[in-house]
Amino acid sequence: MSYKSHQLIKDHDVKWVDLRFTDTKGKQQHVTMPARDALDDEFFEAGKMFDGSSIAGWKGIEASDMILMPDDSTAVLDPFTEEPTLILVCDIIEPSTMQGYERDPRNIAKRAEEYLKSTGIGDTVFVGPEPEFFIFDEVKFKSDISGSMFKIFSEQASWNTDADIESGNKGHRPGVKGGYFPVPPVDHDHEIRTAMCNALEEMGLVVEVHHHEVATAGQNEIGVKFNTLVAKADEVQTLKYCVHNVADAYGKTVTFMPKPLYGDNGSGMHVHMSISKDGKNTFAGEGYAGLSETALYFIGGIIKHGKALNGFTNPSTNSYKRLVPGFEAPVMLAYSARNRSASIRIPYVSSPKARRIEARFPDPAANPYLAFAALLMAGLDGIQNKIHPGDAADKNLYDLPPEEAKEIPQVCGSLKEALEELDKGRAFLTKGGVFTDEFIDAYIELKSEEEIKVRTFVHPLEYDLYYSV
């Protein structure tokens, strides 16, 4: 059999193969092996054994053996290694059955795609996420029994207008909420973003746009072309890898955490979605904003299950510091054409082929495999049960009087609430065995540990508020 990997190894004299997978929390992991061992066809049938008990939320030590099964279609050269290295994304396989591990996020995403086909609603779901991030010059933080702190260093930050800078303070920097999107020199990050885009293109992603985002201190976005669900989740992990490593090469540091700065915009990951059947966009129609009834029902499913979705789309305590009014983060579970204060937006498009919906509440802390799969399952449940989203909200939802605002459902206010909603509202996720109860239980337990740790940790602001009581 002919393998793409074998050709790349031979053509580029590849010395090492890097096997990658994503854990439950969304962090990409890897193990590296000599390229000569990947030239055997058996490698793509038998995979590589590893210890699953070392991955949080997976196996116990008494049954820890698992298999990394490489996906040859994902083979790509790593532009950051000194020695020629080939990257292969892997699925996690259960050795006893040689089937996909039910807690492997990539396998969950694959099952979601298969479930879509089984419903007859469509054969392909297209996903286009927009993960935002911050580029800092340096960051320091600590949290232990002696105290806690964090400090961000950013030459372009608005708070550095009077700072002593070795190369001189040139004064050109975006203010709070002023980063969208002046030309250089106010945009300090143009060159590094371009380098990031070059690396992304080298790794096979199709860059559509890059720009500075709203917040000061280096908030940025790189827009990449949409793809099918699993492929796009793979690409999100590639994007994070590229962005982190280019920043490191420039002597800078990147974070995808949703709200690193108090008082300025946080980073979202708006997710564009549409479903195709027999090559036709099922979301295009003659209804509101050019949507079909199918698309409206899809929106209805996301709105109905919005709070449960938060457990996967906004999976950190920090996520809920972003989801507050006043910083362009949507907190109202409503939909509208072009209205960015609604949690579901219908972007303007010139062609029905591009008709889609945009979920605006997710953030880049999310595991992309789990978030995209969960959004799809919510939308499909809406279609199957004909859940209409009601009237569109074409006014600024941030300015609604209290009596109107209370009639509109909102996203969760905390990770604790999101996990509780996920626990009690999970039925739409377990259809077709896409998400299993065992996985959801393990996920909730894993994320609850984070929530409890943050909730019980002594916060520096508490000293400011209460030290002198």
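Heads up, the Cβ atoms here are built off N, Cα and C, so glycines get one too.
Within Glu113, Glu114, Glu130, Glu132, the residue that Swiss-Prot lists together with His270, Glu358 for binding Mg(2+) 1 is Glu130. The record from Swiss-Prot ties Glu132, Glu213 to Mg(2+) 2, and of the options Glu138, Glu221 it ties Glu221 to that site too. Taking all protein chains in view, 14 other C-beta atoms sit within 10 angstroms of the C-beta of Arg340 (ATP binding site). Shown in sequence order, Glu130, Pro131, Phe133, His211, His212, Val214, Gln219, Asn220, Ser267, Gly268 are the same-chain residues outside Glu132, Glu213, Glu221 whose Cβ sits within 8 Å of the Cβ centre of the Mg(2+) 2 site. Within 8 Å of the Cβ centroid of the Mg(2+) 1 site, not counting the listed residues Glu130, His270, Glu358, the chain contributes Gly128, Pro129, Gly268, Met269, Val271, His272, Arg345, Ala359, Arg360. Among the binding-site residues Glu208, Glu213, Met273, Ser274, not one has a Cα within 10 Å of the Cα of Arg360 (L-glutamate binding site). The shortest Cα-Cα distance between Asn265 (L-glutamate binding site) and any of the binding-site residues Glu130, Glu132, His272 is the one to Glu132. Other Cβ atoms within 10 Å of the Cβ of Ser274 (ATP binding site), summed over all protein chains shown, number 22. Set side by side, the binding-site residues His272, Arg360 differ in how many other CB atoms lie within 10 angstroms of their CB, and the most is found at Arg360. Around the Cβ of Glu208 (ATP binding site), the number of neighbouring Cβ atoms within 10 Å comes to 12.
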